[in-house]
Structures are given as structure tokens and as C-alpha cells.
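Beneath this line is the structure, given in C-alpha cells, with notes to follow.
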Amino acid sequence: MIDRPSRGKNSAWFDFFFVRPVPAVIWIMLIILIGFTAYNSLTKESLPDLEIPEASIITEWPGATPDMIEKRITQPLENTLRGVKGVKSIHSSSYDEMSIVAVRFRVECGLGESMQLLNRKVLQAQALLPPEAKRSRVEETSVRDLPIASFALSGRVEQSTLQDLAKKLKRRLQKIPGIKKTVIYGAREQVVKVQLHPARMRELGVPASLVRQRIMAHNYDSPWGAFENQQLSFRLKMSGTYRELDDLRSLPIERLPQGRLIRLSDLAEVKQGFMGRKTQVSLSWQGRPFNPVLTIEVLKAAGKDTIKLVKAAKKAVFEMRDSAAWPPGVSCTLVGNDGRVIQEELERGFNNGWQAMLAVFLVLLFMLTWREALVAAVLVPLTLMASLVVLWALGYSFNLLVMVGMILALGLLVDDFILILEGMHEGIYLKGLGLVESIKYTLSSFAVPSLSGSITTILVLLPLAFVGGVDGKFIRLIPLTAAICLTISYLISILLGPPLARLAFRNREKAHGPGYMDRLTQRAGAGLSAWLQKRVLRSRRTATGWIVCAVGLFIMSLGLFSLMNDTLYPKEDGRELGILVELSPESKLSYSAKVAEKIGDILRAKPYFQYVTMVVGQRPSFCISSFHDLMAPQTASNLIGFNCMLKPRKNRDRLGHEYVEPLRRELKSALVKEPGVRLFFSPKTGGASGEDPLQIDIQGEDMKRLRKIALAVKRRLARVPGVVDVRDNLGPARTELRLKPLRESLDFHQVEQEELARQLIAFMEHEKVGDFYRPGSLDNLPIRLGAWWPSQKGVMAKGPCNWIELEKLFVINAQGKAVSLWNLTRPVMEQTSGVITHKNAERSVTVMAKLNDVYVSEVIRQMMPVLDEMQKDWPQGYSYEFAGEKEVSQEVYQTMFKMFVIALVLLYAILALLFDSLAQPVIILSTVIFALTGVFAGFFISGLPFSFSAAIGIVALTGIVVNDAIVIITTMNRQLASGHGLIRAALNGASERLRPIVSTTVTNLAGLTPLALSDPGWSPLCLAIIFGEIAATVGALVLVPALYVAITPKGKAY
């Protein structure tokens, strides 16, 4: 029978909030209802979307060399952007015909505001650029933009049919709200080709620049207003765009002195068709032979639900597939499905979560009684559901970092429940109080210590919320989630814990004897008290000796810590693997395709790959893992890329990155006969970005000298064991024929230098000179002007591939006479760099590498003296600095350490006010030193590197151990105030708090063990807490009493 409260003794508010079970049950029902609603409404992601303001400014200038691009485009843009608010760094690459300026803003800058500011600055800079250059365009970019879905189109139909279908699907997909863009791989550009015949132009004396000017001048539509009178009204429009090929062929170019009219058809072949193939895409599904396909990759906007978007994209594509407009014989396959990957990762997180909760329940069942364990089993999931409601209200997504934060908080929030349930247990079983009296006793004894513990833990977690950079923004959800869970757990433990406990104990009598665990705990407490009295607390001198020994152990652990390696993020399991093969720069696409087939056959035979997409002539999406990859040329005939998707973890025997080295050895063996081949792997291993961990920036003025220095650095770096995929952001050198104009000869033959450039561009390029109109929803076709060279067999390519044709190049002068190019210029053949790179407006080269079973700190220790020695031979003004993980680590750890110290100072101030003492906060915070001793020693003995996740674990650990110390100091103060002597108060405090402290430690260990064993990425976080809490538990039960005795003045009572 329920022991109903006496209305005369308790206020109605007290009964309503803390005693009556019916309001508690109603609260529980509301939390469950709103919690399920919040979960179903939350955006689901594997990792949080980081809205990092990053953009590329792309400017094209047909025919321009890297030197021209740098001087006339890149530098004016960089000068305009210098000093712009919020800009963190500016990188640029100047290639043939193209400038790419990549701008990174600070993470705290708003994405929309930053893009608007950047667009305004680029618009201002347009007046400084050469008129021949195309208008600069700003594109929002991110290396985190992996496709959420990929559709493969194939079939024995015309190329134009597949491409038109792909474009229709692209337009359909881009109408779906939340899809940012779609990218088609494997398509050939469909154009109207105007191929000039050099021999006819020489014969007729017509310059190519005139043909270009005529085509562009006669391709306009223009509105001319309206005609209106009493009988009729209509609008007038000039329809001058090219709509028929014959119209373009008959275009007048020039009338000769004899009166003959030269038309375009007299000078050129005009036809509709495809440009030469630049890329080839093939797909192998589950080991089957490669099949040529067109792929459509779908990218989403930040903050959108991937699972819902993939479902919407599938629905849109398959509805179109089932319609009558779908071409017969064409199949469509959903290849990549990031929604399914996210579901698998969330399922793994849920498995860790329920295993942790089960472990906590079993520990509480053993340490307390089944009633207390049952109450905790109800309160823990309620806390997590209520936390989801808060996250939903704040606009966050549900992802793995939220789950890590909840699992981390699980060990912290159990402290609140243990304190309340311990109080109820102590009141009922040990003090013989009734249910209502036990509630009063519990709230009066433990509500304030529990609140203090929650506040201090949240305060300790604050440094993680202020870590700067991308990595700080990446992990910010962990402390935020933990803080929300802790706040809610305190409220639930106080408001719902006592009523539910009362409901669970409703059939119990008022007085009960201690149970088995009570008697065991009493014996253990008595044994601890006797041991402390004999060994530790015999006197203040003995206690001080123990403290000195503990400090000595801490100093030794610091020495061990200094010998440890460090890494920013430990490697996690990922399913995406990118493989890039770079053949010699002279390799043609046809030859690259043959090499790709050989490598593809090796890859598709691997049983652990679900599918492999082979891309020849272009860098595929899985191979774009760093900022430098985004700025590198995305298409080249010597590039071979593979998007490899591993099977789910349960269907393979290794982590994803563990397949890389065996694959590397096998592929290197297969490519051993290929001269100048380079092989790079891009496995997905977790972390905030996929940047190469080791980066060395080399600054200087001369690109030839920089290339030479970078080559020497790469060769030396490649000899370091464990360093792989060594490369730089210059790429291979190339051969360049430079033609220096002979000014006197130009004047003699009456050829302007500008005219020389315009005519040769038409012979050597395929410039776009207009658009060819197509009716309906079909896209207009670009009109491209080039030359018909016999050596290219009619294919529209960039210039001839025959020396004789090259020697016959000519220019038509003002009199219509052909003048040999070699009479007007002086040729110089030389090796040059195909790109000029800048970092923050200074010329620089970045040497990059990935690491295998070795850490950045180890490589830097080996390379720094080598680089210092090499620098002595460099010209003055050339220098180097380490970037990559070292640069990020310094930013992250320095900010984190500063904020952690500030948090400890604030924590000391709060504890000093709470305990009205300047000494006791020192005792409480000393447990942090004990914990760090355990962490450093545990990591050193285990051979684990220190990492960012381990640092997060130390911060969380601080909150846990401080809570334990607060509880034990509060008990000691109560004992001292009740009249016990100093040593007896310390002994009683340790023995009485043995059970809750051990319970907290065991529940934390049990809750974190599943995550530590299943996820290598977050294992250091869990192990830091496990190692530290074991040491801190010993410290709380042994060294805190010693400090209490050593520091507390005699006769002092709190």
C-alpha cells in the first residue's frame, strides 16, 4: 500500500513535484511522445554538416599561359581580396587558360554573408582583368561534398540519347528542394563544329580572326518593340541566331576584289557532332565485368536530410524510368546510396548505446537492488529522449557525434541517478525511514551536491565548445550534447527519481535491514577505513608522504607523456576508397584506358568491394579529399581514377584503411612497366577533413627553383619509413615551346601582335564562338571554332600532332598574304611548370604525404634537422614550414588548453564559494592530477598515441572525478561538523562514499567499453576516461582523505 503523504506536514508543491507518482507518470508519457516526434523529425546524418565558408574564383582566358594568368588575373584578384573581413587564407593556381583562387573564411563567419562579400569583391576586380578573359565565376566548394547518391545509365543506344536523358534527369533532380547540384560523368560535349581548312585559308587569303568575328557578329536575337493600329497589333523581333546548319554554312565571310563572295562553307567543315572523348566511365557491380556508363552524382545542400533526399531522388528517377518518355534499351542503376550508409552507421551507434545502457543496468542491479536498477533503466532513456527534444528545438541534426556525446554523458548522468537512488536506498534500508521521509532525506542530502557536480561538469566541458577552426566546429556537438544530457538528467533525477522510487517501493515496509550488497559494502568500507587508518592517516606526516608520492608519480607520468606520439584523429572504418593513377603527362586517353582496364580487373576481383567505378581522363569524387585536390586540374588524358565502395563492415574481415597497403603493393607490381606512373590512395578514415596529415610549405620566388627544392624534399621524405603517397601540388614538369615575337619582322610583314595571337588560337584551340539554337527543352549547342588537321583524322583537337603540319603554320597579313609563323617568331623549347601556385599571395609549393603506421610527430622529428640542413643550400628568401596536421593541432590544442585552464579557474572559484573555503577546492581539483596520471601511464603502456579524441576524454574525465571528490568532501565536512575528529571524519567520509564512487566508476567503465571496442575512432576517448577514472577512484578513496587531513586546520569545521 502506498504510504500517502500527510497534507499537514508537506506542502502541496512538494507533494506534486517530489512525492505523487501520477504527475511523474504523465511527465514520462509526454517526454516519450515528444521524444519520438523529435527523433522522427531530426535530420539524420553520419557526421554533422559543416557550413564552412569556402569558395573558388574561376577565371578562364583561352590561349593564355600560366605566366600570363598569374600576372593579369590571379594577382589582381589576390590584391583585391587581401584584407577582406573574415578571410583566413587564400590559395591560388595559375594554369594554362585558367586561374583558380581558393578562399577560406574563418569558421565563425556566416556562409551566406561571406559569399555575398566575396561576390562583391570579385565584381570590383573585373575591371582590372584583361578584356579577352571570360567573366570570373564564384563557386562554393568543399572537400566534404561527396555525392549522396549516384545513378548509372547504360544501354546499347546512341551517345546523344544517353546524354539527353542524363540532362533531363539532372534537371529533374535539381528541382528537388535540398539538392545543391548534380554532376554528369562520362559525357562528351555535343557541339556544332566549325573546322577551318588551313590550305583553303592560305589560298583565299582569309584570316581565321575574320571568320571568328563574322560568326560572332551574325548570331543575335533582338526584340524590336511592337506594332499597333486599329486592324492589327503584333510584336517585332529580329531572329538572327543560327537555327539551321545550312544557315551557318552559308554565312558570308568576305568578298574578294574580283567580286567573289567567300562563305563559311568555302573555308570550313560545318557539322553537328561530339568533341573528342575526354573521359570514359565504366561500372563493375559486385565483381562483374566493367560496363560503360554515364553516371549522375547528386550533391545536397548543408543541413538537409540525406536519407529523405536519397528517397526523393530515387522516386524521381524511377518514376521517369517507368514513363513512356524513357528510351527503350536504357537501364538505370542506383550505385551510390549514402542514405543506406548513414543508416548502417546509426545502427552501429544504436548498438553501442543499448549495450552501454544494458551494462549500466546490470551494474546497478548488482550494486543496488532490482528496484533501484529498474528506476534507473527508466530514467536513463527518458533523459536521452528529452535531450533529443532539445537538440531538435535548437535545429541540430542527429548524427554519430550526437550519439558519442550521449554515450559519453551516460557515464556522467548516471552519477545523478546513483546519488538519488543511493539516498533512497540509504534512507529505507539503512536508516529505516519511510518512503516520504526517505525522499526528504535524499533531497536534503544530495540535491545540492548533485547540482554542484552537474554545474562543474558542464563548466569543464565548455573548453570543447570554444575550440577554433574546422576541427573545433566538427566536435562541438559532443560537449553540447553532453551538457544538454547532464542538465536534463539532473532535472529528471530530482523531479522523477523520487516519485518513481516511491512507486517501486510501494509494497515495502517502513523498516528494512541491510541487504547482501549493503553488508558487503559495510565490510568493504570498514576494511578501507582500517587500512587508511593504519597506512595512510596515522598522522599528518604520513598523509603528506602519500601526497608527495602521488605528485612524484604524476611527474613521472608527464615524462612518459613527453615520449608519446600524437595524432589529430585515429583512423576509423570507412567504406569509400579513392584510387588515382597518374601516368606520364604525354599519355593519350586510349592508352590510359588500356592501363585502366588492367587495374580495374584487379580491383573488381576483390571480394570486399561492393562496386568499382572506373573513370579515365578525370579525377573521380572519391579522389578529391583535400583542398589541394580541389585546385588541381580535374581532367587530363593521363588520369585514371577509381571510386571503390567497400561492403558493409559485417561482410568483410578488416577495417577499410587496412586494405590499402596490400592493394598498393599489388597495383605497384602491375604498373611496374609504366614510366613515370604515380599511384595515390584516398581512404575515408574519419576526422573533420581528408587533408594529407603531413604537409610542408616551401616559399620562394622562382618556380623552377621551387620545383627543384620540392623534388629534393620529396625524395628525402619518401625514404622515411611509413611515409606514402608523397606528392606536391605542382604535378609533373612539361615541355613547352615558347614563341617570342620578332617585332621588326612583324612590322615588315604588317602583322599586329594581337592579330598573330588571334589567328593562332583558331588553329591551335577549339574556342567557343557562339550558341546554336535548339527548340523545346533541349539545350543549345556551343559553336566551336578550330582547324581540320589530317593528322587528327578529322577529330576536333587542340592543334596538329604532325611536325610537318606544325612547320606549315602561317598568318594572313593585312594584304591577304600568308606569312610563315616561323618568320615572325623565335622558338625556344624548355621544361616548365604547368602551374604557378600561391599561398596568401606568395609563390609557394606544398609537399604532401600520407602516413602508414607512423605518426606526424615522428616524421617531423626526423625531417626537421634534414630540412634545416637542406635550407642552408637554398637561395636567400627561400624557407619552409610544416602545415597540415601539425598546424591544425597547434591551433586546436592551444585553444583547448587555454579554455581548459580558464574553466579550471572558474571551477575553483565556484567550489570556493560553495564550500566557503580556499583550501578544499584544491583537494577536489587534485583528483584531476590523479586522473591524468592514469591517462598518461595507461596510454604509454598500451602504446597508444595521444589524439584529439583522447583530449576530449580528459576534459570529460575531469567532470567525473571532480563530482566524486565533491561528494566525498561533502560527507567528510558533515562528519567533521557532527563532532568527529579530523582523521575520523576523513575515514568515515571515505568508507561511507565507497559504494557510490565505485558504482560510478564501474558504470562508466561498463557504459564506455562497447564504444571502445567497436569504434577505433572514439576508442581513445573511452580509454582516456577508463584509465583516468581507475586512477582517480584510487585517488578519491586514498589520497583525498590524505589531503583532507594534511590541509584542513585542526578544530576547523565546515
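Quick reminder: no glycine exception, Cβ is built from N, Cα and C everywhere.
All TrEMBL annotations are machine predictions without curation.
Annotated in TrEMBL:
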TRANSMEM  12-39  transmembrane segment
TRANSMEM  353-370  transmembrane segment
TRANSMEM  375-394  transmembrane segment
TRANSMEM  400-421  transmembrane segment
TRANSMEM  441-466  transmembrane segment
TRANSMEM  478-501  transmembrane segment
TRANSMEM  543-564  transmembrane segment
TRANSMEM  896-915  transmembrane segment
TRANSMEM  922-942  transmembrane segment
TRANSMEM  948-973  transmembrane segment
TRANSMEM  994-1013  transmembrane segment
TRANSMEM  1025-1047  transmembrane segment
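The stretches the transmembrane segment (994-1013) and the transmembrane segment (400-421) are in mutual contact, each linked to the other by at least three Cβ pairs under 8 Å (pairs 6 or more apart in sequence). Against the transmembrane segment (375-394), stretch 478-501 shows more Cβ pairs under 8 Å than any other of 400-421, 441-466, 478-501, 1025-1047.
Tertiary proximity for the transmembrane segment (922-942) is limited to same-chain residues at least six positions away from its ends with a CB under 8 Å from its CB atoms, namely 550-551, 553-554, 557-558, 560-561, 563-564, 904, 907-908, 911, 950, 953-954, 957-958, 961-962, 964-966, 969, 1020, 1023-1024, 1026-1032, 1034-1036, 1039-1040, 1043-1044, 1047. Residues 18, 412, 415-416, 419-420, 422-424, 426-427, 431, 433, 472, 475-476, 478-480, 482-483, 486-487, 489-490, 493-494, 498, 895-896, 899-900, 902-904, 906-907, 910-911, 914, 952, 955-956, 958-960, 962-963, 966-967, 970 of the same chain lie 6+ residues outside the transmembrane segment (441-466) yet bring a C-beta within less than 8 angstroms of a C-beta in it. Here the listed stretches are 353-370, 478-501, 543-564, 896-915, 948-973, and the one with the most C-beta pairs under 8 angstroms to the transmembrane segment (400-421) is 478-501. Long-range neighbours of the transmembrane segment (478-501) within the same chain, counting only residues 6 or more positions beyond its ends whose Cβ lies under 8 Å from a Cβ of the stretch, are 17-21, 23-24, 27-28, 371-372, 375, 378-379, 382-384, 386-387, 390-391, 396, 401-402, 404-406, 408-410, 412-413, 416-417, 419-421, 424, 435, 439, 442-443, 447, 450-451, 454, 457-458, 461-462, 464-465, 952, 955-956.
Within the chain, the transmembrane segment (353-370) has long-range Cβ neighbours (under 8 A, six or more residues past its boundaries) at 376-377, 380-381, 384, 403, 406-407, 410, 414, 418, 421-422, 425, 515, 517, 995, 998-999, 1002-1003, 1006-1011.
Away from its own ends, the transmembrane segment (543-564) comes close to residues 536-537, 929-930, 932-933, 936-937, 939-940, 944-946, 1035, 1038-1039, 1041-1043, 1045-1046 of its chain (Cβ-Cβ under 8 Å, at least six residues beyond either end). When Cβ-Cβ distances below 8 Å are used as the criterion, the transmembrane segment (1025-1047) is approached by residues 408, 411, 528, 532, 536-537, 540, 543-544, 546-547, 550, 919-920, 922-923, 926-935, 937-939, 953-954, 956-957, 960-961, 964-965, 968-969, 972, 982-983, 985-987, 989-990, 994, 997-998, 1001, 1004-1005, 1008-1009, 1012 of the same chain, each at least six residues removed from its ends.
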